[in-house]
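Engineer: The structure follows.
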Amino acid sequence: MYPFCYIAVVVVHLAGTGEALKAMCVVTIIAVAALVLYTVVMAPHVHISAFTDGWSGSSSHATSGTSDRISLFDGGLAGIWAAIPFAMWFFLAIEGVPMAAEEAKDPARSVPKAIVVAMMILPVAAITMMVVGPGAASTGVVAESGNPLVAALERVGANHAVVVAINYAALLGLVASFFSITYGYSRLTFSLSRAGLLPAFLSTTNRRGAPTWALIVPACVGFTLTLVADGDALMSVAVFGAVVSYALMMVAHIVLRVRRAVLPRPYRTPGGVVTSGVALVLSLGAVVATFMNAPVLAGCALGVMALAAVGYAVWGRNTSPVILRRNALRGNVLDGNAPSRT
């Protein structure tokens, strides 16, 4: 079943950007509706004692039941630190929104707006899920379950039909995430290929404008990895790669604001380099947390990144037509021969 789901997502993206984004929007709306329903069902049962108790009474907190004491911060500060890579999954892939810039009608307006709206929704959803689940069903129930939404609903005595509906609808949240990640990796692969940093065939598109091989090749690599590697290991590597990219993006933002202060910017980051500086510190903290949580896996990921960086330094920057053209323009500017804008 899993391979067919993987294939189906790629096929939808091959059908075109509009089709992929519409499908993504539909499944996202359904998943969000499921989270809203989950919150409505769970909120009346929230009680402060449930956060520190492995409470096992009836579905009402009016009766005390049997209490198995569980610390709210069971592992102390080290436990909080180790949980950061897992918490990152609440927000992972939001940075993929700019990948839609080339295919948006008005990217200067729509892309920043989409990022801001997403950044407003995600923290609310994340905090809500972290409060209503453990707060109603107890920390112990949620922590020990492989399916925490269902376990929490069953613990408070939710109607079986509601439990089933929320379970299946919430699964669409994973589908929506998979859709967005697939869209992001395909556009990133396409861009790197077009810049001459990856094989040229990866930037070919079909008649619907979808980057065919940039969708298929990474999908095959990703699916193969799911067969040979543990899910938690893949998650750790993905988070480590993400937080490293966040740190690099913040550095790039600071460098561009300092060295290219006069570049036209349809959207300006509130707070400028101060905001990106704070984000850089947080990103580096997340890098350290991920490394401490899985040092071997993070080390392997860092090694792959280092090889890619060496490949770029030795080969990529000397062969990429985009980079060579940029360097030529920079040389013209330094020589006083900047191209005319008329």
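Placed from the backbone N, Cα and C atoms, the Cβ positions cover glycine too.
Unlike curated records, TrEMBL annotations are generated automatically.
Heads up, here are the entries from TrEMBL:
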- 23-50: transmembrane segment (TRANSMEM)
- 70-94: transmembrane segment (TRANSMEM)
- 115-137: transmembrane segment (TRANSMEM)
- 157-185: transmembrane segment (TRANSMEM)
- 210-229: transmembrane segment (TRANSMEM)
- 235-258: transmembrane segment (TRANSMEM)
- 270-290: transmembrane segment (TRANSMEM)
- 296-315: transmembrane segment (TRANSMEM)
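What's the neighbourhood like for these features in this structure?
Structural biologist: Sequence-distant neighbours of the transmembrane segment (23-50) (same chain, 6+ residues past either end, Cβ-Cβ under 8 Å): 12, 59-61, 125, 128-129, 131-139, 149, 152-153, 156, 158, 162, 165-166, 169-170, 172-173, 175-176, 179-180, 183.
Sequence-remote contacts of a segment are chain residues at least 6 beyond its ends whose Cβ falls under 8 Å from one of its Cβ atoms, and for the transmembrane segment (115-137) they are 32, 35, 38-39, 42-43, 45-48, 50-51, 87, 90-91, 94, 97-98, 143, 148-149, 151-153, 155-156.
Listed as Cβ neighbours of the transmembrane segment (210-229) (distance under 8 Å, sequence separation of 6 or more from its ends, same chain) are residues 2-3, 6, 10, 13-17, 20, 182, 185-187, 189-190, 193, 201-204.
Here the transmembrane segment (296-315) has Cβ contacts under 8 Å with residues 197, 233, 236-237, 240-241, 244, 290 of the same chain, all six or more residues outside its ends.
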Engineer: For the transmembrane segment (270-290), could you work out the same-chain residues 6 or more beyond its ends whose Cβ comes under 8 Å from its Cβ atoms?
Structural biologist: 81-82, 84-85, 88, 236, 239-240, 243-244, 246-247, 250-251, 253-254, 257-258, 298
